[in-house]
Amino acid sequence: MAPPVPLPLPPLEEIEASAHVVSVPMRVKFRGVLVREALLVRGPAGWGEFCPFLEYDDAESAPWLASAVEAAWHGFPDPVRASVPVNATVPAVGPGAVEGVLSPFGAVGAVKVKVAEKGQDLADDVARVAEVRRLLPEAGIKVDANGGWEVGEALTALDALAPFDLQYVEQPVADIAGLRAVRLELRRRGAPVLVAADESVRRQDDPLRVAREDAADLLVIKAPPLGGVRRALDIIGRAGLPAVVSSALDTSVGIRAGVALAAALPDLPYACGLATVSLMAGDVTDASLVPLGGALPVRDVQVSGEKLLHFAAAPDRRLEWLERLRRCYAVLAAAGQH
Ligand SMILES: O=C(O)CCC(=O)C1=CC=C[C@@H](O)[C@@H]1C(=O)O
Ligand SMILES: [Mg+2]
């Protein structure tokens, strides 16, 4: 099976002419981010979102542009379902704040809880997960360590967290050899917790290495860092592992791409991490892609001109994003995507 041919790039001037840069405050701090910036583009197929995190260099950010171009100039593959089950996402807050964080997500069947936050300890993680379990006795719970543990710490932490009944742990340790070690040791102990890879897929030169090295039971997949929905579908197919689609902390425009990916997957065994608009204090549409009854509908997003104005980034930030757009365009063009 040959990898998908890169989709043609429209002329840079056409992308630039359609660009809007927004700056949307978060309702709650998430991965250190208090204000989320994004560059939105509009093409013949609709809107696309280019929002690599600020610390990413151009090589890592360029696939995010390919993803935005796919959404706006090419559209998405056909869906096989009309809605996508999603989880609530709980940042590394204290137990007293959990109920308030969960409430805007409404009734969800699953919750992802951040753990292993720098400056916190295992007691903080246990207290947070215990509070989620207390509030939602029936929910599927997963935890995401963002590679914050060493192998031994991960095993100790998962021992302490397993009684709360976890579906899986996302990226317990930073590297692939460590993931494999955690996974094999959990199995040897007969522990029911599965291991999911996130950064080891999206921040690796070879997104298939995790699968080849048997280092995870499932993959957490975000469309933008992999270069869009078609490329992500191809990688999931080649990996041959179950996939959970997750957000890039995007506005509803970027979430639409995640929904398209989840909607096109033949199997979707877990709720997806696509409800993160509920963590934001604003959006670029009047009809946000936020969960209703624990699911997102598969539908397009109408961007509001008023909202674009309201959340327009300051002129210096706009210029910086336009520069970033040009540099990432050059990376894609040099790689033959034109
Ligand atoms: O998966 C979810 O429930 C929400 C999305 C989410 O957790 C993330 C979005 C963007 C950046 C990441 O640090 C983070 C993740 O690690 O999965
Ligand atoms: Mg993750």
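Placed from the backbone N, Cα and C atoms, the Cβ positions cover glycine too.
Mg(2+) is bound by D144, D198 in TrEMBL, and the record lists one more residue there from E99, E117, E170, E213, which is E170. Surrounding the centroid of the Cβ atoms of D144, E170, D198, where the record places Mg(2+), the chain contributes additional residues within 8 Å, namely K112, K142, V143, A145, N146, V169, Q171, A196, E199, V220, S246.
Listed in sequence order, the recorded positions from K114, D144, E170, D198 having a Cα within 10 Å of the Cα of K222 (active site, proton acceptor) are D198. Confidence over the domain 'Mandelate racemase/muconate lactonizing enzyme C-terminal' (95-189), given as mean pLDDT on the 0 to 100 scale, stands at 97.
The shortest Cα-Cα distance from K114 (active site, proton donor) to any of the binding-site residues (D144, E170, D198) is found for D144. All chains included, 25 other C-beta atoms sit within 10 angstroms of the C-beta of D144 (Mg(2+) binding site). Each of the binding-site residues E170, D198 was assessed for Cβ neighbours inside 10 Å, and the highest tally belongs to E170. Remark: of the active-site residues K114, K222, the most isolated position is K114 (fewest other Cβ atoms within 10 Å of its Cβ).
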